[in-house]
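Report on the structure given below.
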């Protein structure tokens, strides 16, 4: 992980402390198996929960004054703002994945493998960016309708690039300035330039780790979907047993607690599984160009290693509200369902 | 005009020479009097003309593989790319205005006057960005459908900001890298942060001047609409005559040639107007938050002063094709209709 010449510690530290970084999993806000279809209902619930958990006001002041299909009028209550004396304080960042946006375009052209001199890759790069920025705009609008002062920011336009598909070179000064000005940056997985292979896909999960490392939020929340494939690729493979146990079944129906050591290694502390030796082997689904669950857990462990709690929780549930509000940092209730990944040599409480 | 620490002359010079910068006037591609309505027909013609004039190939290889309203299938001919051995060379930049996008949101909230601590301004900032990025996405898609490898880039995300509403602090390295990688950056007028007044509107015309000054294109083309208000605000006001003559009538129905001196002052060389003394007074229409024609002519003169030809021409006409192709640099045909602004102490040929 590197910074370019424009990045200094001062740039990032000038901003106020970040409360949290929220990842909206692509599968949680889109219909993953239907091409470019947003799960409007889930997106609306998620947006409402973000406002309730992270904005100080209950009053919604809509900030999307653009036309919507099927709705003739623009929703703009200018006079409503005149009574409002102060702006709600916000200090969080949203990063979203692609879900059913971008994957088709990227995987059909091989953008993630690089090779911009090939017409197909170049066209796929353009097509991928169109698809992911379409989703970004819709998410920004959904958040703005809830009164969250959201600002869409594409990693490509921010000048972020990768090297060999891996390490982001990312100037965070624009993100920091955006937060300092009272806005909520909404970033996304994107097709970016790569100084080794020409181009690559920079996943939302890698962005999260980068932001977490340099902006030191109090906690990070991954809002995911359990009904789609997001977790399908992750299995427990106890070496002595032929049958794999799906991790998603544990994470969805009971608390899963993972403790991360100083070296980044991790082990499951809750529930206690018999015959498992805490050993996990992960297989990647072939269609997932961003690495899916492998990336997610690895990145989460890297974040937790920094002393930042990571919660992976089903989006649009009562459990996700608890994770977003930060109350899990004090104590995790017995009835909370989700995964907590926390730096500790001891068992997670 | 300043650069931040990340900007060096090397960054910009690393890119190949820029052939031209094209401004798509907001009124030319939107129905300016209808809120957030794109003039799809004009936009398609403009996109086709850009491909014909600036790409080396006549074959269209569509790069928008996203769903469109009313069209169920994604237009992606992956096999078509396999026969294509090379990528068409491109070296131009597109900048567009807002037209009927963004103006409503900006003027109703006063974003151009600053004051982000006011809830209305803050909300208007979010709403303006949603509106202008919606238009940007549609323009990128229209260009991509014509096979132009277009990449939407928002000035805000690029980290560009203003100071007192005037001077852009703009790092051009991402634009330069984008061109170097064979893409066409598509920028737009945007709401940006301002280090004096909190926020401001950075107009497409100011962006053009900035890009022209540092990227030294061979020529700059402003594609405008004469049927809308864009030119209404500009009049000849001969001091001795009470009746103003609309400049648009000259620019639309005959050649208008303007010569720019070393000090940036300009005078009309064609046609020769009696009793005019070449004196022009300009009034600004109240609704235009970006200064409209005042900005346009002033910016054009600043560009011409650098030795870069500027053509202002009606979009989607045979005359705009001639301007885009660069053939006017050699000789301006007698039947060409439009405005040419050129550095010269002599009469423009």
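Using N, Cα and C of the backbone, Cβ positions are placed for all residues, glycine too.
What TrEMBL says about a protein is an automatic prediction, not a curated fact.
Keep in mind the model is a prediction, meaning the values are calculated, not measured.
These features come from TrEMBL:
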- A:19-313: domain 'Aspartate/glutamate/uridylate kinase' (DOMAIN)
- A:32: site 'Transition state stabilizer' (SITE)
- A:98, A:103, A:204: substrate binding site (BINDING)
- A:99, A:292, A:296: ATP binding site (BINDING)
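Structural mapping of features recorded in TrEMBL.
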{"residue": "A:98", "record": "substrate binding site", "DSSP (3 states)": "coil"}
{"residue": "A:103", "record": "substrate binding site", "DSSP (3 states)": "helix"}
{"residue": "A:204", "record": "substrate binding site", "DSSP (3 states)": "helix"}
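For the domain 'Aspartate/glutamate/uridylate kinase' (A:19-313), the model's average pLDDT works out to 81. Across A:98, A:103, A:204, which the record gives as binding substrate, the greatest C-alpha separation is 13 Å. Around residue A:204 (substrate binding site), a 10 Å sphere centred on its CB holds 26 further CB atoms from the protein chains shown. Within 10 Å of the Cβ of residue A:103 (substrate binding site) there are 26 other Cβ atoms, across all protein chains.
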